[in-house]
């Protein structure tokens, strides 16, 4: 058998260089040392082979132990009533009789023959090396050095360039100033808020995922793992570009190009990394045309693909970017994946296939859609939990807020992104919305339309801030809805927007709580202390923006401006913007987190509602 030293010398045949390769005097001392080193290596290998080979021969006195070890290697998974287990977990077969002894002797002899053959081959290769001239040895060494250098150059060159794709004209960027003076003044204020948030992060949290604006230092949560991936930088890029903050955009671009590394040993949320990083990078690519953003998005997507290696193809919630090992949240209904997480991938992944020509991304997410289409759904509703091992629903809990929300949003937007050719996505969306309207949407005693949550056959009359995005979604999906129901869905969007505005208006700070109830005489009001917080969420302002765009009713502009003013008044601190713990308190305390989505979504929606 070959020693490592001999393997290094006696591998594939290497063509020699020209005689001139050894004519450089300043290399002469180095080459002499190399030759001596090679001869020593050959001699040590020769001695090892001559005497060390005996240690590999089986010892007849330990015949039984040798047989046992060989069985453990050769037949580790035989299912037999005579099976037993070592404490190590290896399977051992007992009582096989003379037939096994004969087979062991044959295997033993075969092993001896192999050792002899390896021994002879190694000696022959060593002799051939010793016959070579000094020039030939020098040439081989130089050739190996050249090869190593070439391999390093290829590695440093990075991934192959992606195929060119046409960049579409992006609507709504640099499209002039609004005609109304007050609208321009409001938009400038939102831009100033964005600059304060970014400058604070730039000064106190640069490179960290998020910012602690009171402590004035970096912040991160387990959704990003334990590494500094600059989530705020990536997430905020498109907002910076749209607002004309091009110097700030360039700072972010430079950081990403020089520092953003996805080869880190970090366990991240597949969903959060997809929407904030891949989505952010693709948006920056389309706005700026910089190829680097597209390349980074593809590199990251490759790191997320191992999350789909489950028995059903439903991805794990989390994946380690380095090892590719995935798992689910411990709290999620007996190891289930979450509808809003595995259902909020296919816009980016379908687009990655378009950009790269690689069908893997498209296939992964279309497989999810096809699997869901085959499953029975209680009352036509999609439960929030699905076990990726068994392919069965977990707890029967359906919500258009947290755990379910963006699954429905992505079905509609996938149809729009396909230029309305993805009719399967549209049909799935329409069927889901019909079931939601039948089972989850109700009117309160005070006339407020709300979306409840279905839990094990019971409707909980509670609506979350996250569910407030649905007002804008209903309006966006009105055009193209079946049975001429466009007017109905636009009206439904307006009713949801009104309810969510009431949840803001009924607080002291004029900022909405995380969740609010519609029972026991209370409507659009949070009851529990742990539901009274506001963490700079965008969903209500986003619905205002959609409703303003579709109806041009000025009240939506006014509502958006009121929300922006409240954020600036109660969430602004010297080191950025912070969430507040109680929107019903006139002296709120801060949670000391400036969320990346505040820059990416909340301020962007605030800016657009005033255009």
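Cβ from N, Cα, C; glycine included.
Just so you know, TrEMBL annotations are computer predictions that nobody has curated.
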**Study point:** Correct range for region 'Disordered' (source TrEMBL, candidates 81-115, 186-220, 221-255)
**Key:** 81-115
Review point. Among 143-185, 272-314, where does TrEMBL put the label region 'Disordered'?
Key: 143-185
Check your understanding: Can you check which of 37-57, 58-78 TrEMBL lists as transmembrane segment?
Key -> 37-57
Exercise for review: Return the residue, from the listed disulfide-bonded residues 468, 500, with the maximum count of other C-beta atoms within 10 angstroms of its C-beta.
Suggested key: 468
Exercise for review: May I ask which residues of the same chain, at least 6 positions away in sequence, place their Cβ under 8 angstroms from the Cβ of residue 539 (active site)?
Suggested key: 465, 466, 467, 468, 469, 500
Practice item. Starting from the Cβ of residue 514 (active site, proton donor), draw a 10 Å sphere and report how many other Cβ atoms land inside it. Key: 21
Exercise for review: Please determine which of the active-site residues listed here (272, 405) has the lowest count of neighbouring CB atoms within 10 Å.
Suggested key: 272
